[in-house]
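What Swiss-Prot lists as ATP binding site is GLY112, PRO113, SER114, GLY115, CYS116, GLY117, LYS118, SER119. The region 'Disordered' annotation in Swiss-Prot covers 1-21.
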Amino acid sequence: MRRQLSFHESTKRSLKKKKIRKIEKPSLVSKTSRDKNASITDIHEEDIEAFSDEENKIVHLNNLKEDRFQLWFEKYIPQKAADLAVHKSKISAIKQWMLTDSLESRLLLICGPSGCGKSTAVQVLAKELGYSLIEWLNPMNLKEPSNQESDTLSLTEKFSRFMSLCETYPELELMDSNNIQKRGKNAQGKKKFIFLDEIPHLSKFNGSLDAFRNVIRTALTSRGAFSIIMVLTEIQLNNLEGINSQDRNSFNSVQIMGNDLLQDPRVTVLQFNPIAPTYMKKCLGSILRKEGVPKSPKLLSLVENICSASEGDLRSAINSLQLSISQSFEKKGTKNIREVKEGKGKGNDFSLEAAQVLERLSKSDSEAYARFKNYKSAYIPKSDKNENSFFKKDVGLGMMHAIGKVVWNKREGDDEVLKASSQQTGNSERIKGVKVSKSQENKNCISLKSDQRERMLNVDQCFTSKRRSLVDIESTINQSGLSGSVFRYGLFENYVDSCVTTDEAFNVCDLLSISDCLSHDFPYSYTGDEISTWFSVQGTLFYLPSPVPRKWRQLRFQQWNNEGIVRGIFDDYMVIYGKRSVSDPVIEAHEDQVLEDIDDPIEDED
């Protein structure tokens with residue numbers, strides 16, 4: 001017989017049941033059908049799909065936020081050697097050096113201007129070959145408040161320690177079946193290289209430059225496990241500071257490494273050139289296709305102008321293209337922004353964000369936006385021909401380019417004169433396929449210039465016979481990156497090949513001698529040096545023949561490399577006493593040759 005429960009027992013048992021219900025696990029359901037008391041078996045398949053779709057949307061939005069402000073040159077880094085905008089010979093040279101990796105060549109020095117793909121080529125080839133790079137990065141000098149002595153080493157000392165650790169403590173080296181030591185490989189057989197993409201801040205006055213050279217020299221002589229790949233960006237800045245400006249602003253392989261290291265047989269030097277326009281157009285076109293930008297004649301013109309204005313710097317061209325595309329969203333207005341939001345139009349997140357900010361500023365009476373509009377109207381030309389000059393890279397002409405503009409002496413009407421001369425001499429022979437020797441071409445040029453040589457003897461007739469020059473003297477001198485004395489020395493080495501007669505060579509040589517006498521070494525006068533350089537350039541352009549015989553030749557500047565080496569020995573003495581400009585060329589180029597010091601005017605007074 002079932003015993004009847006008392007009221008106390010029944011209430012106690014009901015409380016236990018309620019407690020058991022409370023500790024049940026809550027179920028995962030969709031937002032529309034949430035119920036805390038539902039069990040796990042109540043979840044439907046539609047709810048699981050909705051939950052996963054919502055999760056994917058959140059991940060996609062996070063990725064968009066990360067890529068919104070990403071620069072294109074970082075977003076579209078080449079992943080294969082075939083995608084590099086570098087000449088195939090340069091790529092094959094780096095690849096062959098990395099595959100060989102012999103003790104006879106311990107250092108690969110890659111030099112070139114900025115944005116020509118030096119570091120990218122090394123990283124892509126290392127990844128493609130399965131090699132790893134031990135990269136040196138300049139550390140930040142940060143000190144903890146609790147420990148002020150935690151970072152007492154200088155940057156040069158840190159670099160020396162890094163190189164010594166790489167050479168002293170390499171990874172485990174294995175032996176193959178023939179007991180031959182595998183050089184430069186780790187325990188997994190993966191080859192490694194020391195990659196110096198950045199170098200410490202160097203100065204010859206505090207000894208850091210000499211310390212850097214000693215570290216590299218020690219690494220070459222040691223029998224370490226890893227070879228070294230160094231990337232050096234060469235810079236030639238405008239000479240606008242007068243004395244010592246060329247020595248302090250220049251940044252090339254000769255001044256950093258030194259002549260003894262560059263001539264070392266264990267050092268391989270590879271010179272990179274600026275990116276060719278064909279490679280640059282191909283790269284920019286690929287980026288535009290990936291970004292979904294539609295083709296148009298205006299876009300093609302924009303790419304052409306950016307390629308011509310970037311001076312072979314691919315990184316600068318990509319940044320200019322990204323900035324130009326972002327400005328196009330501002331001109332199109334709110335319609336494109338709405339289309340991109342609704343998914344009807346194509347566009348990148350960076351351009352969308354920039355257009356939204358500009359739209360918000362344009363609707364408000366903001367002083368910043370007013371200044372922005374005034375800035376655009378003042379500094380961006382409105383003509384179609386120069387509409388992209390705002391993105392032009394501020395670079396110099398370069399040493400050889402500036403000297404070449406002078407010695408080639410281009411004037412108005414040169415093409416017509418050359419065309420008329422080709423019709424008068426040997427043009428019929430070239431049509432038939434008969435080659436003309438260089439001596440015959442020189443004789444033809446001399447015969448064609450006979451009337452000009454007669455006019456050169458009379459100065460009055462010479463003034464009236466010269467056509468207008470196409471060389472801008474001021475921009476050529478300012479963008480050469482050379483001091484006045486070095487620029488005059490470059491003209492002195494290269495003017496002879498442009499002359500046809502001895503009279504022309506005599507006149508140019510006499511004028512360069514007079515211009516050299518106009519400048520003073522002590523006391524140094526920047527105005528006098530500038531006037532002397534103007535006089536030498538203008539006189540050389542005046543006395544050279546027009547047109548200059550068109551033939552292939554290589555410009556020479558033999559003393560430039562030696563100047564950077566020998567000049568460093570006497571920098572301190574020249575700066576203190578002001579005897580001469582540090583940037584003046586030193587004719588005595590041999591290091592073992594003893595140079596006589598200039599007489600001290602203070603000692604002469606005694």
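Here the Cβ of each residue, glycine as well, is placed from N, Cα and C on the backbone.
What you are looking at is a predicted structure, and each value in this text was computed from that prediction instead of being measured.
Feature map: Swiss-Prot annotations on the structure.
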residue	record	Cβ contacts under 8 Å, 6 or more apart
GLY112	ATP binding site	LYS118, THR233, GLU234, GLN271, PHE272, ASN273, PRO274
SER114	ATP binding site	THR233, ILE235, ASP313, ARG315, SER316
GLY115	ATP binding site	PRO274, ILE275, SER310, GLY312, ASP313, LEU314, ARG315, SER316, ALA317
CYS116	ATP binding site	VAL86, PHE272, ASN273, PRO274, ILE275, GLY312, ASP313, LEU314
GLY117	ATP binding site	LEU84, ALA85, VAL86, PHE272, ILE275, LEU314
SER119	ATP binding site	ASP197, VAL231
Please report the three-state DSSP label of SER119 (ATP binding site).
helix
Relative to the Cβ position of PRO113 (ATP binding site), how many further Cβ atoms are located within 10 Å?
19
Just counting, how many other CB atoms are there within 10 A of the CB of LYS118 (ATP binding site)?
24
